[in-house]
Amino acid sequence: MGRNKAVCCGLSALETTLAVLFVLMTAVSVTLIVLLVTRESDTAGETDPPAPTSDPQHSPYLIGVGRADCTGPPAEIPLMGYAQSSQLAAGIHTRLYSRAFIVDDGRKRVVFVTADVGMISQRLRLEVLRALRVKYGDLYRQDNVALSGTHTHCGLGGFFQYTLFMLSSKGYIPESVQPLVDGIVKSIDIAHRNMRPGRIYRKRGDLGGSSLNRSPHSYMNNPEEERHRYETNTDNQVVVLKFTDLDGDGIGMLSWFAVHAVSMNYTNRMVSSDNMGHASYLMEQDKNPGELPGQGGFVAGFSSSNLGDVTPNIKGPFCINTMKPCDYLNSSCPVGGTKMCQAFGPGNDMFESTRIIGHNIYMKAKELYAEADEEVTGSIQSAHQWVNMTDVKIQLNDTHVVSTCKPALGHSFAAGTTDGGGDLNFTQGATDGDPFWNGIRDALVGPPSNETQDCHHPKPILFSTGEINWPLPWHPQIIDVQIITVGSVAIVAVPGEFTTMSGRRLRAAVKQELESDGVNRDWEVVLAGLSNVYTHYITTFEEYQVQRYEGASTIFGPHTLSAYLQKYAGLARAIAQVSKLPPGPEPPFFEKNLFNLLSAATLDRKPDNTSFGDVLQQVYPVYRPPSSLVFLLSVTFDVVFFLFLQRDKTFVTVEIFDNRTETWEIVHTDASWETRFHWLKGSNRQSNATVEWHIPATAQAGSYRIQHFGHCKQLKGLQTVITPYSGSSDTFTVTPSFYHL
């Protein structure tokens, strides 16, 4: 008995020892695997990142951030935003970027992209989703990918498939579309490859002195009781999400603030990311020390919000020909009409205003980022539908049902705003049509139907775009509505420009539905403006009655906001109840009848006995900061070859000579705030480029040079040859004092 017991006990001890060894080896193996799969990789083609295996309610998220250039060819293509036919791209103020943020809780994944573009068009979104499907299958879809534009008015146009937008931007321009699609997809690729375990924190604060309501008369038409709930007639809140790795090191930031990106006005012809892009630039330079713009691992996205009636031109409007205040009701001047009524500030020119507003937004976001300590936890959800917005029924009360309308624009749409007035004799606040312009409209495109006129009342219809379908429909009818939630943060992706009060009502409606599940959550609801498809403006019913520019541009009629409140409440309810919604009718993807009015590419020429890149105006030998340097070269380039050969590479470098290594080191590119790259189209297919370097007071003393890079297209024999060229300045000195030498 004892022996048998001994043998038994001996075997038991051996089994225990083996079991312990097995557990230890398993733990070591798991640790090694975790270390390998969570290590950041810089190589392309990496497999999908690992997902957390424990309960996502208590686990860190997998987080990825990415940034990619989406500038496009900065020559001859119309800039999108002001609808000024003369505002054709002619250089670079700052480069444009797409910034992507991916969050995964181990069960679901969402992607949010904020891109330096006027807005996300339906065609652009569909092109991006198609490209993602080719790469990733069903991983990234219409329901879990939200695309938002910063609303810069100085990015390239030509990325729409609807006639009205094509008419204002010389058609559908592949040379403009492809860099946007590639840049957005590449930013998602980078974020996908860089996914790692991390945490998210949130913080909210207020920023004053950086925005002004440009339609206060409309705002005052909202109910008095509602207006008294708020201290100001603009939303001054800044919301920040802070992304860190598990060590607490920052990897990215997302921020929302409601202000138009129109500090750069309609006279500018350089591609520019405007004030929101400058905020991103400052934050990324701060968090990526020593890196050139557009480089470094930290990604800072500054997204648009309910900016419909909000301008950064905080000095307000006045008549530029008399320096007197504009008419309060219709924003016009006795002499010159709406074109003379312009808003400015806070700087003395558009560059200084862009810098000031961008810096203000950056400083507030930086403060909130440093203070963010409320961790975002919980599951990830998303809800999306396509909606035919031309006939949404809204039950206002027990007896009253109203409907949205076919798209139409009112007369005041043509008046423009105080950020950029129209050229013709239209004024804001028009509730009666002009027989003269109605007659021209009828001759060109036909009158609106009685049904559409009645539906849009009191809007006097200038263009009944929902009833014009040649060569393609003039406006979209199938619209995306979408909400993505990360823990207790809900991002409401809205398809246009919600006014201040419209945005407040939508946030409240979504918040109410999300909290209907009975779970005690302090939901942070943010509106991501100009997302997924562009439908102009969305005012309140009361603001619509005034028919200023924003009301005249609310294309689905006076009950547009009520329809969106109903649809987004439905999305929020589906998220709260974890239920699925029908996808709705898919939008069209037009293959035929897209037109392109951009001139065909031609051969480049240069004067006899010269070379591309020859210097016409040399630099001075010595500069003392702060000062401005202007460097003029004889160059030429063509829009097509800008795109395919130079689109994500700099046209300009400012370089300092390193005496230790006897090499030139790049300190600025055309993405830098300090540089400006101008292109002047000359006659006989000859052009000039001018490089400006605004030397900052912090510039290091030393020897510098400026270089320009490009491509030219020539005919050699019977063959077309595309050749790279460059031009370089003489070496010059930057010194603290002219007497330094």
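Note that the numbers count up from 1, one per residue, in the order the chain is shown.
Yeah, the Cβs are placed from backbone N, Cα and C, and that goes for glycine too.
Annotation source TrEMBL lists transmembrane segment at 12-37. Residues annotated as domain 'Neutral/alkaline non-lysosomal ceramidase N-terminal' in TrEMBL: 61-566. Taken from TrEMBL, the feature Zn(2+) binding site applies to His151, His260, Glu497, Tyr537. Residues or ranges marked as region 'Disordered' in TrEMBL: 205-230. Residues or ranges marked as compositional bias 'Polar residues' by TrEMBL: 210-221. Marked as domain 'Neutral/alkaline non-lysosomal ceramidase C-terminal' by TrEMBL: 569-734.
The Cβ neighbour count for Tyr537 (Zn(2+) binding site), using a 10 Å radius and every protein chain shown, is 23. Within 8 Å of the centroid of the Cβ atoms of His151, His260, Glu497, Tyr537, where the record puts Zn(2+), the same chain has further Cβ atoms from Ser304, Leu307, Gly308, Val310, Gly496, Gly529, Leu530. Less than 8 angstroms from the CB of His151 (Zn(2+) binding site) sit Gly81, Gly118, Met119, His260, Ala261, Met276, Ser304, Leu307, Glu497, Gly529, Leu530, each of them six or more residues away in the same chain. Just so you know, the Cβ of Glu497 (Zn(2+) binding site) picks up 29 other Cβ atoms within 10 Å once every protein chain is counted.
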